[in-house]
Amino acid sequence: MTSSATTLATTIATTINKPYVLASVFASGVKISSEFLGDITASQLKIVYFISFFLINGISVSLPGRLDGELAKEIQDEKKNKQKNKQKTKLTASPISITGGRTLVAPAPWAFAIWGPIYITEFLLVLLITISPPTSPLLKTFLPTAPYWFLASLSQSLWCLSFRSTYVKSSNPFYNLSSPIYLTLTSLFLLKIHAMLTKLAVPWYTHLPITLHAGWTLCASIVNVNGSLAYSGFSNKVLRVVGHGSVIAAVSAAWTVARMGGGGGIAGVVTWALTAVGGGMKERIKNGEGNMEGAKTQEIISYAGAVATAGIAVWGGGKQNSGGGWGNKVGEGMQLF
């Protein structure tokens, strides 16, 4: 986007960015999906995937002002200041940061590099769908996924609009809970597509982008919930319980998908995320700043969880089954449209 277009889009987004507006947009998206995207042609599928990826998702991701972007900029600026002055300076004490933070689910910065492979592989998938002839078996295979792809893109866009200071730092639950809700919805819609593709036994290179995106948004939604609780002022004891429970939840989700025949890909992404969370706590303990209540335990169980999910990934990779429960019950069953 050009600077003027970005400025205009940001202004519009800021003006109308209210919880009830986002909820109305989501409800409209569900209606569009149910009435128009459940039975479409191959040519229409191309349009849905293209618009969802390049317009709905692409524009919203490029809008400045998200909390993660602001935090990264603040930390980077202070690191530069530290190098310039050659003295120790205290990093931003945001509740979701590693150093000085309160949440126990704060992944190391390198974890977010996974967005690169996610967007590259999804770009290639959308490109492949766009250039394929209408009679291509690929398009026929992906036709049932159109409503869920559209809603996943829409939900992630709404997360981009709600993962901002005015939402996350608000004491109003309609604001504070918006970002974890939309990110969780993103993950659920992508997991639905993942199950559908498992049932259809598609080539790995068309399954990989969805696997990466579904797995990472699953983990990111857990991170987001913990961050919202930290911003809301919950006690360190509550954050400790939720933080430790989050590791158990992530491992359980990876195990469930693999056990039902969904393969080991989701577990592999969870391994990446838990390793990063363990690394984040290791860094916090090293720096000696932030919520230390349960930090060491969080580091240990995160690394232990990463080892467990790595094993699940290997085990699940050999059990991927198009006729298993993941493909049949979640992929073919549980149809929303």
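Using N, Cα and C of the backbone, Cβ positions are placed for all residues, glycine too.
TrEMBL labels come from automatic prediction, so no person has curated them.
Range annotated as transmembrane segment by TrEMBL, chosen from 42-60, 194-212, 213-231: 213-231. Looking at 11-28, 263-280, the range annotated in TrEMBL as transmembrane segment turns out to be 263-280. Scored by C-beta pairs under 8 angstroms, the transmembrane segment (213-231) has its highest count with 174-193, from the stretches 110-131, 146-162, 174-193, 263-280, 300-318.
Among residues of the same chain six or more beyond the transmembrane segment (263-280), those with a C-beta under 8 A of the stretch's C-beta atoms are 98, 105-108, 110-111, 114, 191, 194, 198, 207-208, 211-212, 214-216, 218-220, 223, 247, 250-251, 253-255, 257, 298-300, 302-303, 305-306, 309-310, 312-320. Long-range contacts of the transmembrane segment (146-162) within the same chain: residues 13, 17, 19, 22, 25-26, 29-30, 32-34, 37-38, 40, 44-45, 48-49, 52-53, 56-57, 59-61, 63, 66, 175, 178-179, 182-183, 185-186, 189-190, 192-193, 196, 213, 217, 336-337, each at least 6 residues beyond the stretch ends and with a Cβ under 8 Å from a Cβ of the stretch.
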